[in-house]
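Q: Quick one: this structure, given as structure tokens, is what I'll be asking you about.
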Amino acid sequence: MATIHLSSHVKGSVHKRFPQRVGQLKTSLSSTVKPFLQELEKIPMRINVSKTVKSASLRLLDAFVDSVFQFVDQPVLPSQRNFAPVEEIGEIVQISCVEGEIPEGFPEGVYIRNGANPLFGGLKSTISMFGRSNHVWVEGEGMLHALYFTKDADGNWSFAYNNRFVESETFKMEKQRNKPSFLPAVEGDSLAILAAFLLNVLRFGDINKILSNTSVFEHAGKYYSIAENYLAQEIDISTLQTLSNWELDGAWGRPFTTHPKKAPGTGELVIMGVDAVKPYYVVGVISADGRKLIHKVDINLKRSILSHEIGVTEKYNTILDYPLIVDAYRLFQGGPLIKYEKEKDARIGVMPRYGDADSIKWFEVESYCTFHILNCFEDGDEVVVRGCKAKGAIIPGPEWGQDKFEWFSRGFKPLNSIEENTDNSTADGLLFACVYEWRLNMKTDEVKERNLSGTEFSMDFPMINEDFTGVKHKYGYTQVIDSEASSSCGKSKYGGLAKLHFDKPKSSSSVPVKVEYHKFAKNNFCTGSTFVSKPEAVEEDDGWIVAFVHNEDTDVSQVIVVDAKKFEDEPIAKIPLPQRVPYGHHGAYFATPRQH
């Protein structure tokens, strides 16, 4: 999620535009923390609290928070039990049994999945005289779950499992305090959110915790954990130890995208960072050796958007500008910090790799929300963008005051189950995501859009053979939402996988390309699926899909291996894990270097 910073010029304009709301907040605070309001007016963006507030003042602020704010656990339904956090296992555990066999040619390596694993028992809410504020479902400290695949000289496989928190600076801070300390600052009553903003900044120097809970990636032989509210953290994949922030010698200095892309041909890493204050969206290019930021440009967006991903082709970067808008000013009007405003313009930008704001060619498209790109490539005069499109945004969730469970449950309904002209149907199917294609003609400015996967199965968390990133490809893979289980749970549950054959069109079907499905048994759901390419592969789909799968009936988690060429067959291997792995976010498989 975007990091929220309050600069001095933002605070000044807020005072002018919303004097009544600011007055309410000040009146509430001044009875207890009046001595600190004068310091508040002096806070610059990204301050160092230790230099501006003395230790005695910090102790008083902590005492104020402890006396005024009550942290309470958010309820967890029985159907949501595998979203609950787990403890660190403590050391690497060897796994002695496997169902099936690891296939010939499968590379040695490590399969890692990142996910939110909140400290202190789960997501929290706070209750205070300012109202209530909540953590949203994507928050929580990052935890890495790793399965190591090792083969001896005789060809015998062994497996080992480990898990470990990503130890960011804010993780260490709260761990040392041994209690929840950061106030939830994304969802809730506007005064409660504003109070959380100010008190978190005064006590810790920033609005929100460093999450680092969304994905893992590799560049130049180093491995990183990331969520887009901070810099990437380098990790040691053999121990899962957190090493340091990837500072790039201070050249970047802003949030870092969860999904950087390696540029085809050069191996450079294309990144972007969004923020709640200007510059709202910055594009960067990191050298192939990872040592230098070789390009950085503000693309001059006029609004702060919660954009999750950037795409690449051989020559271009593709930029998703959809109206999931972060606006701190709305809080002073009693509105939400983050809101999907479907009536606002939506567009896709095509930018030369080292271009600037003026070089971007923008294409107006139908309103959309796309967190995840499948792939982008050039096809004649067209730039083709494929991703998972929904009518609304799953982040942060319903507007404050709405029934959250009902909102999510209705949102997960399949589009083909929704009757036309149904009363109050605006929430029905809002979160249904289809694999979608935009064809952007660079010469004529024409835009062609189409749904590639139909209206029966919702799909997200797309993946491809990464050797085809940025170039024309035949296949794409996704996780498939179990709409019934997700609706009854109020959270996303993925009950299968899909393989899309883009080279096999179907003219007589509502689904224009061939789709194969790998369905799990009832009450089995996956996260972190990724494609593992076969070394010396001949065809694009020479490889396997690996996924973390949890059986809710037995409460057992396992890693499965599916042959990408025999996609609808049973998994060829299942490796049971020594403890439950909660549902999480993105995974990646890193082959050992000698097998690249």
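Including glycine, each Cβ sits where the backbone N, Cα and C put it.
The feature Fe cation binding site is assigned by TrEMBL to His259, His308, His372, His586.
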Q: Across all the protein chains here, work out how many other Cβ atoms are within 10 Å of the Cβ of His586 (Fe cation binding site).
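A: Within a 10 Å radius of the Cβ of His586 (Fe cation binding site) lie 23 other Cβ atoms.
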Q: Neighbourhood of the Fe cation site (His259, His308, His372, His586): other residues with Cβ within 8 Å of the Cβ centroid, in order?
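A: Neighbours found: Thr214, Ser215, Thr258, Glu309, Phe371, Ile373, Phe461.
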Q: Going along the chain, which residues six or more apart from His308 (Fe cation binding site) have their CB under 8 A from its CB?
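A: Long-range Cβ contacts: Glu228, Thr257, Thr258, His259, Phe371, His372.
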Q: Tally every other Cβ atom lying within 10 Å of the Cβ atom of His372 (Fe cation binding site).
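A: Cβ-Cβ neighbours of His372 (Fe cation binding site) within 10 Å number 21.
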Q: Return the count of C-beta atoms lying within 10 angstroms of the C-beta of His259 (Fe cation binding site), excluding that atom itself.
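A: For His259 (Fe cation binding site), the count of other Cβ atoms within 10 Å is 19.
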